[in-house]
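Taking it in order: structure first as structure tokens, then the write-up.
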Amino acid sequence: MASCAEPSEPSAPLPAGVPPLEDFEVLDGVEDAEGEEEEEEEEEEEDDLSELPPLEDMGQPPAEEAEQPGALAREFLAAMEPEPAPAPAPEEWLDILGNGLLRKKTLVPGPPGSSRPVKGQVVTVHLQTSLENGTRVQEEPELVFTLGDCDVIQALDLSVPLMDVGETAMVTADSKYCYGPQGRSPYIPPHAALCLEVTLKTAVDGPDLEMLTGQERVALANRKRECGNAHYQRADFVLAANSYDLAIKAITSSAKVDMTFEEEAQLLQLKVKCLNNLAASQLKLDHYRAALRSCSLVLEHQPDNIKALFRKGKVLAQQGEYSEAIPILRAALKLEPSNKTIHAELSKLVKKHAAQRSTETALYRKMLGNPSRLPAKCPGKGAWSIPWKWLFGATAVALGGVALSVVIAARN
């Protein structure tokens, strides 16, 4: 495995197993120069210096001393002759994001005419992972993932699109583009920058979801769900939500292939799991409306799903809807009376709801200008009772007067 440190001089050793193309070129140049120098010395013994440039014929130095500048010039030119040959793989580091935290260097270029993968294609890579000190911690000969789906660490998702098929590259990545503050136990410690040696083997188009069989859909959705779980464990809730969304898309997309009843039931169970996990990720991100929608979708399929009931109650509580959250948590507790988590959450919400009602009562009293007491049933009833009585009385008197006038007019 190659070292993560950037070579300080052009003559520094290259990674093990990588042909030292640059070193071979330098050695070839030196050998050619030495051979030509020997031939020049033999020719100089036989020549009368008629081959030298006109500058050496000025006559100031002796003839023996004039031979040295010409020989050095020819040696310099001879050493430069091999350089017009096709250049080997570039040694320069490409700063992918412009912040110096994610860099790529080509070790072995892809064959002529090879193409680069695009988002949505399924790629296969050979991956060797090392720490900054050169300690190899992981090797995966056949790592398969969908480009752009966040199935792997961001360092791979961002660097592989810049590689040709058949290319081998070195990628150095800061921990934020790898496994972050959690690391990956037991081999990758927290906040570890990594050095990745990547060989892009193949790149093919992704599957057509409509043409997948039931078992292929289950396998694809399970892979995306597992990727989401890995992101969730690293507290990367944005990527986790993205993976769960992709799993749900694989399950719910239209199908042109018939499925058995067992496969449909299996997909439904998998959809419920993904929706529950998606709601958990959205709750961590404070996306309450989206989390509420995910929980409601679960409850449409399974009205007694305890996880969905509990999370829906938490979402409503976060929105301040205690009067709606408490009945939902009570329903969840009825399904699982021994659940201490639901007990604690319900007790907390009841206290918050009581405090909320007390605050609202004090606010009503302040608005009505009567802080001493508040009518039990309808705040504000006393303030409007007298005016309405006067209004009804005046209306009755007016109607009575009209009726009396009609009667008198009829008699006349």
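Glycine residues also receive a Cβ, built from the backbone N, Cα and C atoms like all the rest.
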Filtering Lys249, Lys389 by Swiss-Prot annotation ubiquitin cross-link leaves Lys249
From Lys271, Lys312, the annotation ubiquitin cross-link in Swiss-Prot is attached to Lys271
In Swiss-Prot, the ubiquitin cross-link annotation, restricted to Lys176, Lys334, falls on Lys334
Annotated as phosphoserine in Swiss-Prot, from the list Ser159, Ser175, Ser296, is Ser296
Restricted to the domain 'PPIase FKBP-type' (120-204), the mean pLDDT of the model is 94
Within the same chain, the residues 6 or more beyond the ends of the repeat 'TPR 3' (306-339) and with Cβ under 8 Å of it are 275-276, 279-280, 283, 286, 288, 291-292, 295-296, 298-299, 345-346, 349-350, 352-353, 356
With the fewest other Cβ atoms within 10 Å, the residue among the recorded sites Lys249, Lys307, Lys340 is Lys340
Of the recorded sites Lys314, Lys334, Lys348, the one whose Cα sits nearest to the Cα of Lys307 (ubiquitin cross-link) is Lys314
